[in-house]
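> I have a structure here, written as C-alpha cells, and I will follow up with some questions on it.
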Amino acid sequence: MAGLMAGFGHYTHAVVRGIPRSLAKEALRSSEREMDLAKVVMEHDAYVEVLRTRLGLEVVELPADESLPDCVFVEDTAVVCGDTALITRPGAESRRRETEAMKGALKDLNLNIVEMSDENATLDGGDVLFTGREFFVGLSKRTNQRGAEILADAFKDYAVSTVPVLEGLHLKSFCSMGGPGLIVIGSSEPAQKALKIMQQMSDHRYDKLTVPDDFAANCIYMNLPSKGHVLLHCTAEEFPESAKVFEKLKDHMLIPVSNLEKVKVDGALTCCSVLINKKANI
C-alpha cells in the first residue's frame with residue numbers, strides 16, 4: 001500500500017464559487033429550514049477570506065449561476081489528487097452542469113483532466129475521503145459503485161475502498177481528515193459503523209478524534225509551509241461541545257469558521273472549495 005503522500009495537506013490554490021440567489025429557495029435539501037441569503041453571503045465571504053488572507057492561498061472565484069442553485073458546493077464536481085483532476089458526474093441530475101465551470105478552472109491550472117463520461121456512474125466529491133494514503137468512497141444516495149471504480153482507475157497509485165453511507169447525504173457529512181493519520185468522526189451509530197468499516201479495510205491504523213455532533217466532524221485540514229498544521233472547524237456557536245474537542249489538537253492552528261446558514265441545505269465546510277497543490281513551474 002502507498003505510504004503517506006508527500007506534501008499531504010499542502011495546498012497552494014482553492015477554487016470556490018459565488019452564491020446564487022436561487023440557493024435560498026431552490027437548493028436541494030433534506031430539511032425545510034429557512035435560509036437567510038444575506039447571512040449566507042457573509043458566511044461564504046468570511047470562508048473565502050480565511051483561505052485567501054489568513055492562509056495565503058491563491059483563490060480562483062467562479063461566478064455564481066442562477067440556474068444552478070447548488071453551484072457554491074464545488075467539492076462535489078471534482079476530486080483533485082496530485083496533478084490529476086477527476087471531473088465527477090454528480091448524483092443529482094440538477095447538478096450535472098456544475099462541472100463545466102470547474103473543468104474550465106482546473107484546465108486553466110494545467111491539471112490533467114479525467115472526465116467521468118459513463119452514464120451509469122455517479123460520484124459526488126463529498127463522498128470521497130482521501131487520507132493521504134488511500135481513498136474511502138461513500139456509497140450513498142449520490143455516489144454508486146461504478147463511480148468509485150472510475151475514481152480508482154483515475155488514481156491508480158492509491159487503494160480505493162467503498163463504505164456504505166446509510167444516513168446523511170455524504171460520507172463527509174460525518175467525517176474528514178484532521179491531520180496525517182487522524183480521522184475526525186461523528187459519534188452517531190452510523191458514523192461509528194462507517195469508521196469501523198474503514199478501519200477494517202485499511203492496512204493503516206488511523207487515530208480518531210470523535211466529536212459529539214456528526215456535522216461538526218466535517219473540517220478542512222491543511223499543512224502549510226509557514227503555518228504548520230491548520231484546521232478549519234465548526235464554531236462554538238454552532239456546536240459548543242464539538243468545538244471544545246478540537247482544542248485537544250495542541251499542535252494545530254485552529255480556525256473556527258461559521259457554517260450556520262449553509263448547513264440548512266446540507267452544506268459543510270469542505271463542500272465550498274476544491275483545494276489544489278500546484279507545483280511551481282520550473
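Every residue, even glycine, has its Cβ placed from backbone N, Cα and C.
Got these off TrEMBL a minute ago, pasting:
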- LEU28, ASP70, GLU75, ASP76, ARG95, ARG142, VAL265: substrate binding site (BINDING)
- HIS170: active site, proton donor (ACT_SITE)
- CYS271: active site, nucleophile (ACT_SITE)
> Give me the CA-CA distance between GLU75 (substrate binding site) and the residue listed as 'active site, proton donor', in Å, as a whole number.
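About 12 Å separate the Cα atoms of these two residues.
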> For the recorded positions ARG95, ARG142, HIS170, which Cβ has the most other Cβ atoms within 10 Å, all shown protein chains included?
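Within the set of recorded positions, the most crowded position is HIS170.
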> In the same chain, which residues outside the set LEU28, ASP70, GLU75, ASP76, ARG95, ARG142, VAL265 have their CB within 8 A of the centroid of the CB atoms that define the substrate site?
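Going along the sequence, the neighbours appear as ALA27, PHE73, PRO90, ALA92, GLU98, ASP124, GLY126, LEU169, ASP266, CYS271.
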> Cα within 10 Å of CYS271 (active site, nucleophile) is the criterion; apply it to the binding-site residues LEU28, ASP76, ARG95, ARG142, VAL265 and give the hits in sequence order.
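Neighbours among binding-site residues, in sequence order: ASP76.
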> I need the CA-to-CA distance for ASP70 (substrate binding site) versus HIS170 (active site, proton donor), whole Å please.
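If we compare the Cα positions of ASP70 (substrate binding site) and HIS170 (active site, proton donor), the gap is 15 Å.
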> What are the non-local neighbours of LEU28 (substrate binding site), defined as same-chain residues 6+ apart in sequence with CB under 8 A from its CB?
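In sequence order, PRO69, ASP70, ALA92, SER94, ARG95, VAL265, ASP266 meet the Cβ cut-off.
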> Just the number: how many Å between the Cα atoms of the residue listed as 'active site, proton donor' and ARG142 (substrate binding site)?
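The Cα atom of the residue listed as 'active site, proton donor' is 8 Å away from the Cα atom of ARG142 (substrate binding site).
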> With the substrate site defined by the record as LEU28, ASP70, GLU75, ASP76, ARG95, ARG142, VAL265, how many Å span the farthest pair of C-alpha atoms?
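Taking every pair among LEU28, ASP70, GLU75, ASP76, ARG95, ARG142, VAL265, the longest Cα gap is 15 Å.
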